[in-house]
Amino acid sequence: MKTIQGTGVSAGIAIGHISVLKEKETVVRQEVKDTVAEIERFRGAQSQAVAQLDALRTSTAADLGEDKAQLFDAHKLMVQDPGYVDNVERMITDEGVNAEYAVHATGEKFAEMFSRMDNEYMKSRAADVRDVSERLIAALTGESEGTGKKTENQGPHIIMAEDLTPSQTAQLDRTTIMALVTSKGSRNAHTAILARTMALPAVIGIGDSFDERDDGKQAVVDGDEGVVIVDPDETTLREYQEKQRRYSEHQRLLQELKGKPTQTSKGQRIKLYANIGRPSDVDDVLANDAEGIGLFRSEFLYLDSQDYPTEEFQFNAYREVAQRMEGKNVVIRTLDIGADKQVGYFGLEHEANPALGYRAIRICLTRPEIFKVQLRAILRASAFGNISIMLPMITSVNEVHDAKAIIEAVKAQLRSEHVDFDERIKVGIMIETPASVIMAPELAREVDFFSIGTNDLTQYTLACDRQNPNLSRFADPHSPAVLRMIAMTAKAAHDAGIWCGICGELGADRELTQTFVDDGIDELSVTPSSVLPVREIVREH
Amino acid sequence: MARSFTFVVTDPNGLHARPASELVSKAQACQSQVTVGLGESVADAKSILGIMGLGVKCGDMLTVRVEGKDEESAAQNLERFFKENLK
């Protein structure tokens with residue numbers, strides 16, 4: 001038994017087997033002379049892959065049911081797909097390259113094609129093509145099965161990795177993950193936020209305790225205490241099974257709060273909204289009875305794409321969310337790329353201090369052609385529900401004026417095209433810089449609402465890089481400096497007669513709920529899994 | 001003489017992985033060449049990547065074309081498959 005202490009960033013208990021996510025080895029392009037033999041080698045790998053998939057199909061059908069097994073029918077067809085095979089064999093013959101490289105390049109070609117599609121479902125098929133290509137490459141290089149493939153036939157696993165990029169986390173199939181454990185990472189890193197959104201227990205920052213050899217071993221992950229226990233003994237296992245049972249019991253009690261108002265005993269009402277990152281998260285929003293969406297991070301549209309997402313693609317995503325929320329408020333935050341969320345095709349220069357750099361509204365105001373596409377999509381979608389626009393990283397009244405001028409120009413264009421949109425769409429701003437707190441009284445006269453982004457506000461107020469795990473003890477969001485910033489913002493909003501919410505991680509911090517209620521915060525937007533726990537606390541006051 | 005028929009997809013998920021796989025397996029069982037057209041794109045029905053590459057959504061109208069020795073029976077079988085599995 002080995003007990004590892006990390007930082008718990010997402011609550012819950014998981015008991016299962018570890019699957020270590022290894023860094024993928026890069027496929028090297030090599031010249032081959034005997035292309036006929038190379039094609040033979042590819043065909044050998046192909047039969048091996050087919051045999052593996054047949055076995056996988058049989059075992060999956062037995063363990064997880066026919067439904068899950070059908071995926072491997074599609075994989076098998078892909079391995080033998082005439083277009084795929086033709087592309088691989090032509091590359092070997094015409095370019096004289098090794099089979100591994102030809103398979104990798106072909107897989108990427110088809111994966112790119114899928115990921116460019118205007119359809120979330122088809123986009124995710126890119127992962128299937130990559131999966132199949134990896135299987136073929138593994139067969140070519142003589143590995144028995146590709147890395148991470150074990151997860152398919154053994155059901156959900158505890159994923160352990162050095163670090164996970166936002167796109168890696170997003171690409172993980174949530175039906176096969178029961179918990180996340182990483183060696184690096186910080187509380188506000190995107191992995192942590194995604195884990196909370198997906199209601200998966202997560203422990204980060206286990207540092208050197210990360211050991212690839214733990215792959216396949218049984219483990220307990222306690223997301224509350226930040227503890228990971230590898231190879232637990234009988235007593236420990238029983239103890240955690242009991243803890244897991246109590247946790248589920250509490251979750252069940254929370255379910256009884258569904259449909260109940262988020263109101264203190266004195267009658268003060270709080271709007272309890274949820275944060276989402278993609279349209280499919282609406283399932284969790286509805287399941288947890290959130291009263292609206294206080295933060296729809298639009299970045300996923302950009303992060304998941306190989307090129308600027310089209311107006312139509314964005315419109316479909318926004319409309320889907322607005323329609324499914326049936327008239328409840330949906331606050332869409334405009335593009336917040338830059339700093340820790342880089343996107344290749346934006347061609348952003350490397351910066352020494354990305355958090356203080358060219359990001360979010362700063363990109364939108366200097367490259368209005370990109371901003372306008374998003375605004376057109378949001379405005380068009382506003383005809384299908386109750387949408388609000390939220391501008392990130394505001395530091396001055398002038399920026400709000402400039403952004404509003406662009407919004408008005410887009411509206412005028414839509415009117416001239418006779419395209420429907422909500423004429424009274426609300427425009428609000430994120431309060432996440434000390435400058436915006438200082439200027440809050442003036443800013444409040446320009447906009448319809450404030451929403452405090454506590455992650456960045458903490459980072460900028462306390463001068464602590466949120467990505468730097470060594471600063472954890474200094475980057476304390478409970479610091480009186482941060483809490484006073486929040487109170488000042490709420491007061492400025494109320495003086496001007498607009499509402500003020502919190503959409504950062506702090507909004508779900510149950511130790512602070514009382515403080516926020518006393519500050520008169522009107523809205524809390526939290527990860528879907530935190531909606532009911534926060535409602536519970538509000539109702540106790 | 002090639003055979004062809006049209007079909008409107010009414011499954012809310014469009015032509016997703018499961019029916020696409022079944023369609024490809026059915027098409028592979030035919031001797032004839034089978035293509036599925038959507039708008040200006042045409043895909044080989046024996047290629048799963050080709051079929052899924054069409055990105056067929058609910059409400060799309062597909063044109064299925066069968067040409068070859070067994071086109072008569074193949075077209076009939078395929079049309080029945082579409083009606084039974086994609087409605």
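Cβ atoms are placed via backbone N, Cα and C, with glycine included.
Just so you know, TrEMBL annotations never went through curation; they're auto-generated.
Annotated phosphoenolpyruvate binding in TrEMBL involves A:ARG333, A:ASN455, A:ASP456, A:ARG466 plus, out of the candidates A:ARG297, A:ARG376, A:ARG415, the residue A:ARG297.
Assigned with DSSP, the residues of the domain 'Phosphotransferase system enzyme I N-terminal' (A:5-125) fall into helix, strand and coil as follows: 80 helix, 15 strand, 26 coil.
Separation of the C-alpha atoms of A:ARG466 (phosphoenolpyruvate binding site) and A:CYS503 (active site, proton donor): 16 Å, rounded to the nearest whole number. Taking only the Cα positions, the spacing between A:ASN455 (phosphoenolpyruvate binding site) and A:CYS503 (active site, proton donor) is 9 angstrom. Look at the Cβ of each of the binding-site residues A:GLU432, A:ASP456 and count the other Cβ atoms within 10 Å; the largest number goes with A:GLU432.
Averaged across the domain 'PEP-utilising enzyme mobile' (A:156-226), pLDDT in this predicted model comes to 81. Sequence-distant neighbours of A:ARG297 (phosphoenolpyruvate binding site) (same chain, 6+ residues apart, CB-CB distance under 8 A): A:ASN275, A:ILE276, A:GLY277, A:ARG333, A:ASP336.
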